[in-house]
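Below you'll find the structure, written out as structure tokens, and then a few comments.
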Amino acid sequence: MQQGSAPNSAPKISFVSLGCPKALVDSERIITRLRAEGYELARKHDGADVVIVNTCGFLDSAKQESLAAIGSAMAENGKVIVTGCMGAEPEQIEQAYPGVLSITGPQQYESVLDAVHRASPPVHNPHLDLVPPQGIKLTPRHYAYLKISEGCNNRCSFCIIPKLRGDLVSRPAADVLREAERLVAAGVKELLVISQDTSAYGLDIKYAESPWKDRSVRARFLDLARELGELGAWVRLHYVYPYPHVDEVIGLMTDGKVLPYLDIPFQHASPNVLKAMRRPAAQDKTLDRIKAWRGACPDLALRSTFIVGFPGETDEDFAYLLDWLDEAEIDRLGCFKYEPVAGATSNALPGQVPDEVKQERWNALMARQQKISARRLKRKVGTRQQIIIDEVGPTVAKGRSKADAPEIDGAVYLSSRRPLRAGEIVTAKIERADEYDLHGTVAGF
């Protein structure tokens with residue numbers, strides 16, 4: 001039986017964070033609040049006074065991972081607080097683990113704190129109740145996720161995020177910029193801008209202005225990106241929908257204000273499938289825009305995600321997607337095999353695709369993308385690239401170019417004549433490329 005903390009000592013919290021970067025930011029905010037109240041983080045469940053599990057509920061596989069994490073926490077500790085997307089529909093958790101102390105949905109920070117207080121009241125200690133101005137971060141010190149809004153106004157047929165996280169709620173621009181400035185002052189070299197729909201930022205608050213330094217800044221995608229680009233850090237834009245006004249940020253990339261990188265979840269290319277998904281269907285125009293973007297900014301890297309085996313997807317639809325990829329030349333790609341999600345309207349669509357066909361299409365798409373990636377990376381051999389160092393090994397350092405986001409994209413492996421540090425940005429000569437990664441030598445600091 002775990003003992004927890006000694007009387008009058010700081011209570012200890014064990015934390016499990018699952019799911020996407022948006023959920024990670026939620027975890028960081030909860031931990032920051034708890035540290036400000038004097039709670040300490042425990043390395044193991046059995047050394048904690050209470051365990052918090054921040055769940056993911058987007059796919060059934062993610063729900064199973066969340067349930068397994070709750071089960072482990074119950075077995076090792078017994079005092080468990082559940083929050084996050086799966087907590088928005090608590091029935092499955094209540095049935096599996098009726099003994100959990102509390103279940104709340106995403107962004108319910110006050111409810112989580114109240115549950116922690118009931119399970120293990122805070123003990124004030126002026127030497128412990130100190131939190132850095134940028135808050136507690138769960139990422140390496142040199143990069144951080146910057147969440148600019150919550151929720152989503154889109155109603156894609158395969159997605160239940162609006163049910164779990166609600167409609168779009170944008171933060172005031174000045175609030176975002178103050179957080180970004182604190183992060184950069186604390187040594188963050190790369191800001192990863194995230195939300196459910198980054199390009200819709202400010203729509204819900206009618207692009208309201210807020211005071212920032214000696215001026216007012218509108219809560220608008222372009223305006224926010226421009227101001228973030230003045231802070232001196234790499235700025236990487238994630239979860240951008242291909243709305244026409246996205247064209248406006250390409251100029252900031254050309255000018256070096258934000259990274260030449262767009263993460264756009266196209267999901268498919270066939271008009272028939274996109275219509276069934278309730279996604280923008282003018283992908284012929286999207287190809288023209290991609291060409292225009294790259295014409296203005298040749299270094300632009302595009303990342304995207306796609307779903308194969310969506311209900312009603314025919315062989316012709318899939319062939320259309322492969323042809324579209326050949327023309328679009330997406331640099332970085334993630335692919336998912338469609339799976340039903342409880343509550344999604346796509347579950348009722350006709351033409352469910354057999355699992356073996358989903359697997360065949362996934363294999364074919366990834367093989368095609370591997371060739372595209374290898375071809376695009378080969379063009380970088382002989383060039384000089386700025387690289388941010390993530391890890392330093394005995395002989396080789398691992399970093400990322402401006403075309404690579406952490407954890408989801410490729411890497412650059414470098415040799416150097418002098419020791420390197422994580423977070424350092426160096427100039428490297430690229431000497432070799434494989435399907436997904438680059439290899440080179442540090443040529444400047």
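Cβ coordinates come from backbone N, Cα and C, glycine included.
Summary of the site annotation: Swiss-Prot records [4Fe-4S] cluster 1 binding at C20, C56. Screening the candidates C85, C152 against this entry identifies C85 as the one listed for that site.
Listed in sequence order, C159, I161, P162, R165, D167, L168, Q196, D197, A200 are the same-chain residues six or more apart from C152 ([4Fe-4S] cluster 2 binding site) with CB atoms under 8 A from its CB.
Within 10 Å of its Cβ, the residue among the binding-site residues C20, C56, C85, C159 with the fewest other Cβ atoms is C20.
Other than the site residues C152, C156, C159, same-chain residues with C-beta atoms no more than 8 angstroms from the centre of those residues' C-beta atoms, the [4Fe-4S] cluster 2 site, are N154, R155, F158, I160, I161, P162, Q196. The C-beta environment of C156 ([4Fe-4S] cluster 2 binding site), restricted to residues of the same chain at least 6 apart in sequence and closer than 8 Å, consists of Q267, M277, R278, R279.
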